[in-house]
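Worksheet for the structure shown next.
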Amino acid sequence: MLNGQTVADFMKEEMTAKVAVLKEKGITPCLATILVGDDPSSETYVRMKGNACARIGVHSIKVVLPAETTTEQLIQEITKLNEDVSVHGILLQHPVPHHIDERAAFDAISIEKDVDGVTTLGFALNAFGVAAFPSCTPQAIIRILDFYNVPIEGKHAVVIGRSPILGKPVSAMLLNRNATVTTCHSKTVNLEEIVKSGDIVIAAVGKPNFVKGSWIKPGAVVIDAGYNKGNIGDVDYSSCLTPSSAITPVPGGVGPVTIATLIEHTIKSASMQSEKTS
Ligand code: NAP
């Protein structure tokens, strides 16, 4: 089992040490989260991120805006946080209410503070393999593979899902690590056959227990990025456990590493901003 909590605990130790060094210089890394509306799952995610920051000594501030907030008002709030030198990372919790232009709001986040890797510029820089903060869940997936010494180069990676925050960026990151990548989506024909040819299978579909054990090539590594109601992943864990050589659980797989990655990016952003000003 590829235990994500073990990876997150390892990262926590590294991060705590880095925060102590920054605090000696009078800097406390700070993550600002923006929540628009009152979606209970989003509230939970934002609270979990705030609690995880506190455990590592990272300051977090929460901006809560009513569901009627317009795109312009949201962008104004983001601009204020961009200009606030005490804020090192900005996270706009997805999804925002339908009437808001989410892409415009994401793109209003300055690249230096885009610790969640949601801007168009950040996405492009990452696709080119140039330093920027990658989207957190894709980065967490790569982190887990590296932590457990899963070889990526030359392997056939099958990614199920092509969302801008998950499927697409993780496909680009695997390609940059010299995997041969097939990205599947809802219009893919013969999905099962394609998954069967994968050495590494990444499930990012948003459908509970979607990937079945009979689709998995013996010895393949299975990463479940899914998180559905009731703590259920996108992979049918019990049937995939036997054919796979390694598999992430849900919960306790990609999730904790995603949160740790967000905080790691905030700390890195604080270090980079302190180097610029010193
Ligand atoms: P999303 O935006 O809904 O994208 C889902 C993707 O799956 C789309 O590309 C869609 O294809 C594809 N898909 C849907 N049905 C399919 C089918 N029958 N066959 C093949 N592909 C299909 O979801 P997301 O935001 O990427 O999230 C994916 C999963 O990851 C969800 O379970 C979410 O909760 C989870 N997640 C977890 C974390 C974490 O920290 N662990 C973070 C973010 C998301 P089309 O493009 O053709 O529609």
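Even glycines carry a Cβ here, placed using N, Cα and C.
TrEMBL entries are annotated by machine, without manual review.
If you check TrEMBL, you get these features:
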DOMAIN    2-116  domain 'Tetrahydrofolate dehydrogenase/cyclohydrolase catalytic'
DOMAIN    135-273  domain 'Tetrahydrofolate dehydrogenase/cyclohydrolase NAD(P)-binding'
BINDING   Gly161, Arg162, Ser163  NADP(+) binding site
By DSSP, what is the split of the domain 'Tetrahydrofolate dehydrogenase/cyclohydrolase catalytic' (2-116) into helix, strand and coil residues?
60 helix, 18 strand, 37 coil
The domain 'Tetrahydrofolate dehydrogenase/cyclohydrolase NAD(P)-binding' (135-273), counted residue by residue under DSSP: helix, strand, coil:
56 helix, 24 strand, 59 coil
Compile a sequence-ordered list of residues in the same chain as Ser163 (NADP(+) binding site), six or more apart from it, whose Cβ lies below 8 A from its Cβ; state 'none' when nothing qualifies.
Ala204
Sequence gap of 6 or more, Cβ distance under 8 Å: name the residues on the same chain that satisfy this around Gly161 (NADP(+) binding site), in order along the sequence.
Gly167, Thr183, Cys184, His185, Ile202, Ala203, Ala204, Val205, Gly206, Ala225
Would you list, in sequence order, the residues of this chain other than Gly161, Arg162, Ser163 that have their CB within 8 A of the centroid of the site's CB atoms, where the site is the one recorded for NADP(+)?
Val159, Ile160, Pro164, Leu166, Gly167, Lys168, Thr183, His185, Ala204, Val205
Below 8 Å Cβ to Cβ and six or more residues apart, same chain only. Which residues does that give for Arg162 (NADP(+) binding site)?
Lys168, Ser171, Thr183, Cys184, His185
In the predicted model, what is the mean pLDDT computed over the domain 'Tetrahydrofolate dehydrogenase/cyclohydrolase catalytic' (2-116)?
96
